[in-house]
Amino acid sequence: MFWTRYAGASILLFLMLIHLGQVYPRNDITNFGCEECKLKENNIFSKPGAPVYQCMGCCFSRAYPTPLRSKKTMLVPKNITSEATCCVAKEVKRVLVNDVKLVNHTDCHCSTCYYHKS
């Protein structure tokens, strides 16, 4: 009787895992909850007939061990080196909305994160 409970629970867990695998078949877990880098309308500054767009979304980032020869040249040696790209505007157009000068993004791409540089 004790073993049948374990077998029943194991089978139930196995069936739930199979169901989850079918519900979320080919989702990339690394981007889960974050859309690709693209233009989206800014609801705060947009008005009917004059939409304002901005770049939003995710790009890649990664971390890896710092190569020894690079570590030797660092003022403050770090064990981990990281790279990241951010969703930035490739092209922009300046617009005036309610006497406020704005930059309307017209094209987006993944590029260097400027706020990470020091």
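Cβ coordinates come from backbone N, Cα and C, glycine included.
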Disulphide bridge to CYS110 as given by Swiss-Prot, partner from CYS59, CYS86, CYS108, CYS113: CYS59
Cysteine paired with CYS113, where Swiss-Prot records a disulfide bond, from CYS55, CYS58, CYS86: CYS86
Disulfide-bonded residues clustered about CYS108 (disulfide bond) [Cα within 10 Å; pool: CYS37, CYS58, CYS87]: CYS37, CYS87
Close recorded positions near CYS58 (disulfide bond), where close means Cα within 10 Å, chosen from ASN79, CYS86, CYS87, CYS110, CYS113: CYS86, CYS87, CYS110
Between CYS55 (disulfide bond) and ASN104 (N-linked glycosylation site): CA-CA distance (Å): 9
Among CYS58, CYS87, the one of these disulfide-bonded residues whose Cβ has the fewest neighbouring Cβ atoms within 10 Å: CYS58
